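Annotated features, as they stand in TrEMBL:
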type	residues	note
COMPBIAS	B:1-19	compositional bias 'Low complexity'
DOMAIN	B:95-275	domain 'ABC transmembrane type-1'
REGION	B:1-31	region 'Disordered'
TRANSMEM	B:50-69	transmembrane segment
TRANSMEM	B:103-122	transmembrane segment
TRANSMEM	B:134-155	transmembrane segment
TRANSMEM	B:161-180	transmembrane segment
TRANSMEM	B:214-236	transmembrane segment
TRANSMEM	B:256-275	transmembrane segment
Amino acid sequence: MRIMSKAETAADRARGGASEHAVELDGVAVRFRTRKRDVTALAEVSLDVPVGEFVAIVGPSGCGKSTLLKLVSGLLKPSSGTVRLHGETVTGPRHDIGFVFQRAALLEWRSAKRNILLQAEMRKMPAEQARRRTAELMEMTGLTGFEDAYPHELSGGMQQRVALCRALLHEPPVLLMDEPFGALDALTREQLNVELNRIWRETRTTVLLVTHSVAEAAYLANRVVVMTSRPGRIAEVIDVNLPPERDYATTVADPEFARVTARIRELLGAGAAAD
Amino acid sequence: MVSQGTTSTSGAASSTPAAEQSPDAAVVERGRPPLGERVREGLERSWRPVAMLLACVAAWWAITAAKLVEPYLVPSPGATLDLMVEKWGYIWHHSWVTTYETVVGFLLAAVIGIAAAVVMVYSATIERTLYPILLFAQVIPKIAVAPLFVVWLGFGVTPKIFVAVLIAFFPVVIAMVTGLKSVDPEMLQLSATMGAGPWQTFAKIRFPASLPHLFSGLKVAVTLAVTGAVVGEFVGANEGLGYVIQQANGNLDTPMLFAALLVMSALGVVLFVLIELAERLVLPWHASRRGDAVTTTY
């Protein structure tokens, strides 16, 4: 990242035209220095995510899962290695992504609708288009009727739905989700998983989802990236051979689901990522 | 799960079919309760402080009526009131002067305080440079610098405004800095991914998020501004409630002293209430939230 030759940028551009990959991580490492020692948060991670794929990233706390998303969004710069988004090297905060955090991070002085519209205001999107898209998204996520409700009047699940709508408003080609359902109760979580599966199928967005939940990863993803900690690295990438449209009850009873979850648990070690 | 009990007229966003569809629809009732209920609630909330005030006046009256203290030390409420009625023109004039000094001083303090806070939050260097000066300005006893202001700026209202500014702006700076720094860091990261510039982020996220803190700072500041103005008048003035007190003190005119004190505290209370009303107007979202947590039992 420090030195970037002209040849490299040209290669980037050339690749950009033909790239089938939404996200490419190439030998990416993140190290930082504390007063006492050097810490490697992420060691030499390489990963390609094809356009339209749903990738779940699981691993114990401190394995650099969230760091990975920050790198892709450009909110964090790697110490070495290259991050590319649609073939373009990421050098600063990217605007062509949607980001959902564990906490909804809503502005408490704005209604649900106006929280979603924040995205449009910051991007100076045409007002009419933004309003129409907001209405569509709110309907898609079952928020119709709650347009004028304020965040403190909404349950955790509803708040997270608002955050999801906000992240999808500008139709980003890549959606990054950092433990978006981690603070919700198990039932709400399952419900939102089902909704997210549907939204992903409808929008065809590439999704990178960081999660602590083995079941959530296996239910939602095409591929599950299992990471280990200290230093954070990829242990294995598991393909999930399930159809895109996934009924919850049928899917969790599927032998493939059982195989994937068992493999993830095996990789993480017994009890390391209990959910 | 949706609204129960109250018959809401406005904001009935919760009774649409979507509410039943949505699995975790837990919208709190947002409609205004009927007038009768609001009046009853208001009375329930305000009778205690009113009763307490009346009790204080009654105690004052009882002490003077029973002649426990000499009237020239503590005048009766009746005597004080008589004097206020008799000399209302005199009191009105001087109250107005003090009000003017207080309000101008407070407004200047607010503007300077907010500006200083914004600059300090955006530049660590400026923060480090300004902090010692701010602290110095705060710890120095205002009554000690007031004579200097009179020497420099004369006998008029200007030195009084200066003292009011000096005393009132510190709480504004501290509150505003805290407010601007209290923004959710994830919100700022999100703003960066939305392609927002620093000005947009400030106007749409940082500034509104800081307002609850700012208002608590302003409430402290406005009561201090009264003190500042009066202190300024003590040192050298021919107008204002501070001057009235000095004069009354010299003449052992305790009814006038009491009258001036009453007006002064009323001034502070009125200004405080005005800020609180402004807060409710500007931050309805905050006031309604705070209402839920007035008392805790844990």
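Even glycines carry a Cβ here, placed using N, Cα and C.
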Same-chain residue ranges lying at least 6 outside the transmembrane segment (B:214-236) that approach it to Cβ under 8 Å: 98, 101-103, 105-106, 109-110, 113-114, 142-143, 146-147, 149-150, 155, 159-169, 171-176, 179, 242-243, 245-246, 264, 267-268, 271-272, 274-276, 278-279, 282-283
Distant-in-sequence neighbours of the transmembrane segment (B:134-155), which means Cβ under 8 A and at least six residues beyond its ends: 116, 162-163, 166-167, 170, 173, 228, 231-232, 234-238
Intrachain residues whose Cβ lies under 8 Å of the transmembrane segment (B:50-69), provided they are six or more past its termini: 75-78
Cβ contacts under 8 Å made by the transmembrane segment (B:103-122) with residues that lie 6+ beyond its boundaries: 130-131, 134, 157, 160-165, 168-173, 175-177, 179-181, 202, 214, 217-218, 221-222, 225, 228-229, 271
